[in-house]
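Written below as structure tokens is the structure these notes are about.
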Amino acid sequence: MSVSGYKSDDEYSVIADKGEIGFIDYQNDGSSGCYNPFDEGPVVVSVPFPFKKEKPQSVTVGETSFDSFTVKNTMDEPVDLWTKIYASNPEDSFTLSILKPPSKDSDLKERQCFYETFTLEDRMLEPGDTLTIWVSCKPKDIGLHTTVVTVDWGSDRVERVVFLLAEDKISSSLTSNRPYSRSRRAPKKDFAVDDYVKGSRPSKVVERSFRNRLPLYEIPKEIREMIENKEFPDDLNEGLTARNYANYYKTLLIMEELQLEEDMRAYDMENVSMKRRGIYLSLEVPGLAERRPSLVHGDFIFVRHAYDDGTDHAYQGFVHRVEADEVHMKFASEFHQRHTAGSVYNVRFTYNRINTRRLYQAVDAAEMLDPNFLFPSLHSGKRMIKTKPFVPISPALNAEQICSIEMVLGCKGAPPYVIHGPPGTGKTMTLVEAIVQLYTTQRNARVLVCAPSNSAADHILEKLLCLEGVRIKDNEIFRLNAATRSYEEIKPEIIRFCFFDELIFKCPPLKALTRYKLVVSTYMSASLLNAEGVNRGHFTHILLDEAGQASEPENMIAVSNLCLTETVVVLAGDPRQLGPVIYSRDAESLGLGKSYLERLFECDYYCEGDENYVTKLVKNYRCHPEILDLPSKLFYDGELVASKEDTDSVLASLNFLPNKEFPMVFYGIQGCDEREGNNPSWFNRIEISKVIETIKRLTANDCVQEEDIGVITPYRQQVMKIKEVLDRLDMTEVKVGSVEQFQGQEKQVIIISTVRSTIKHNEFDRAYCLGFLSNPRRFNVAITRAISLLVIIGNPHIICKDMNWNKLLWRCVDNNAYQGCGLPEQEEFVEEPFKQEGSSNGPQYPPEAEWNNSGELNNGGANENGEWSDGWNNNGGTKEKNEWSDGWNSNGGGTKKKDEWSDGWDNNGGTNGINQEGSSNAPQDPQEAEWNDSGEVKNGGTKEKDVRSDGWNNNGGKNEKEECCDGWKDGGSGEEIKNGGKFETRGDFVAKEEDEWSDGWK
């Protein structure tokens, strides 16, 4: 490595003449860790502060640390040495000395004799002699400290780069004793489960018969083989049309399901033992506490004796309890009897297919819809909505919001109406006002409101309940939950609007469901309404909030099963924020990564802003104007209008801000990104310490409370370790999570920890869109969550590689709002418009699905164990621990057999159940006794004779005689699809631009 040009002796003799060094990536520097004396010249220079376990040594802030290096003359003649601190970062943080620096116990005389400097001049070293030189560092701040020491003799030079990581008590407490080691697993043995012995289900996981049973939708063998061979039906070559809609999306869903199966195989275990735990057998599953894989009460796995010669059966084991990394299961009684302490097994984890089957059914049922719901461009004539004035319940509505509500009240069926706009423009509040107006002014209105996650659905319900000026009757509003949702996680003010039995959420019987005027649900849980038998057209209005976050099949669960032509469908969202989470690159590239909302904007009526189809909200009531300025210019053509009042009240009280007039601050930190154990997720202890310090300084002022603060960070390990420290400090009200967990939410103060601090890994992430820093949609969401103050903590030399982050960095610098390490050179980027089409939440994959010799990921977006490098495992797109869009896990491969849960709607509403160990004295639903008295449907799921059990039909679930054996028919014509076309290899797909990816997060 060379960091400086040659200088004359005269120049070196001037102590004050020091050079400059920019950011040096310690992982790319070969001179700092060790040296080979055989590669050196006649003067051999050792390395001070050598790396330990391939990382810089740690030192304590405020204390002097020192180490020596030696210079040996191997020549036959003396040499004249000039040794110098060429440069340090931070400046003047390192010194040189001939004497060993004094320690804390040194006497006064020893301290007085010690002399340190930046340059040791004109030292004559005789042949064979060795000179010992001491390097000292006294760090004032946490972070990486770097210096370059040069040793010159004659015209030759040796450079040594020193890296030290200055830490405080918080960062030191997070030091891991588990070095990172990627699990290099041998190829798994073939593990067939076609023939298995059923296990013992938990007592509360019982079958529930529904009027409309969910078909199995087992993947046809020929379709599976086609896709695995990179072949596909002609429909995919043709593109999405009204004729091939169901077949097109079912093929994409098969691709996605096959990818999930493949990902789950990484979790399979071989040659493992189980322990007796009373009536259970327990299996230790590494990573289970971090939901890798995710298993809950009622799920099942398959095991087979490791040394089975093929004559024994596989055994199914149901999960009865999950404790940390240990899962307690029950198998068939014969398996428990045969088990011994020395028994060794191979284990296969299973992918719960319920959600995927719901998606298959939804796109099948979409063929029953009025075509104008799916393809408004085919609409024969332009519609005109007749509007009537209304009296707003909320006094804060602006003109655009009032206009959009009038349109919703005046709509008469297809096509859908869209309310879209940037963050903080009041989309959800507009929906809430529309719901209340329908409730109070239209006597026969029945409204279904769906959101992508439980927290988002709860948020809507809370808004409805606290709206002043109107009271919704308790018996006219209902919150539908999946049975797997934890009872304990729901707020008391919401639980009274839910239906449950023994702390298990259930879907009420049909008679009860149809009495409600307002039903709030997630997209996935809305499938229970169709299962219970709610007719098409029962709901006069179906409102989809945050519609851009869901895939089109998810949106179709509510729309395709419950709409008639006159049903009013309203979508609210922002296609420039986060979209659906997709794991199959092939499926994403062909359209599964595009939301229903985004696809509608391909129609002229929507993209041209026709007020009879769409309203755009542009007034932001959330953020300080200075916070809005950059995202408005980058993503919304400068149309955002800052409309928040009282923007400076918090800023005025924070004395530590470098610029009180500017609501942002960037703390430049050079830390080390690390991993531990077999977990591929990154964390940065130095940034964690700075996050905690910032939270303490904020809460020291009464104007900012813990609940006012949110911390956004892209890596699961960073989230967990920040929470660990906050728990220790009893500061549990601070919310910490990923960007996905904050979409649709806001906090007075947002702190962003970017984590990455090495160019080597960041460049790899950027190349394949795996990381947080290369994702414009994530960037957009992250920086628009803050109401009053945005704090960014990160390495400026890393984030400046991305155009959007670079602009944010220099905006802070230009407004005197930057503090911390030295800045990089300002980079110039070619301006590119934000691309709305082709969004994706899966990363761009490298070409080969393997790891190279250096231990770097070569493919898949997913790291070992099927997990993305951010640590958020790829099991269904979870947003929080209990934030599955319907409460379901999506954890693996494998399928259920036809004789098992044949209706598909197991455990009282399509769930596998939850861990029931919870509060036994929790408040009971006041309506529970009423539901029990009215009874539940016990036998409503009988199939018609002409309905196939596999579900592969093309007409909403009713098989017709002319349908081909696999259910794949050509747009309803009854003709079999010809197996044409070839999948291009992954390397042949045209890679999307970085700003098209809406998620890089696993």
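Just so you know, glycine gets a Cβ as well, placed from its N, Cα and C.
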Open item on the list: In Swiss-Prot, one of 545-548, 593-596, 757-760 is tagged motif 'DEAG box'. Which stretch would that be?
Closed with: 545-548
Open item on the list: Restricting to the motif 'DEAG box' (545-548), what is the model's mean pLDDT?
Closed with: 96
Open item on the list: List every residue in the same chain as Gly426 (ATP binding site), at least 6 positions away in sequence, whose Cβ is under 8 Å from its Cβ.
Closed with: Leu397, Asn398, Gln401, Leu617, Lys619, Tyr621
Task: Pro422 (ATP binding site) in three-state DSSP notation - done: coil
TODO: Inside 10 Å of the Cβ of Pro422 (ATP binding site), count up the other Cβ atoms and send me the figure.
DONE: 26
Task: Those residues of the chain, 6+ apart, with a Cβ under 8 Å from that of Gly421 (ATP binding site) - done: Lys427, Asp574, Lys616, Leu617, Val618
TODO: Tally the residues of the motif 'DEAG box' (545-548) by DSSP class, grouping H, G and I as helix, E and B as strand, and everything else as coil.
DONE: 2 helix, 0 strand, 2 coil
TODO: Give the sequence-ordered set of same-chain residues, not counting Gly421, Pro422, Pro423, Gly424, Thr425, Gly426, Lys427, Thr428, with Cβ within 8 Å of the centre of the Cβ atoms defining the ATP site.
DONE: Asp574, Leu617, Asn620, Arg622
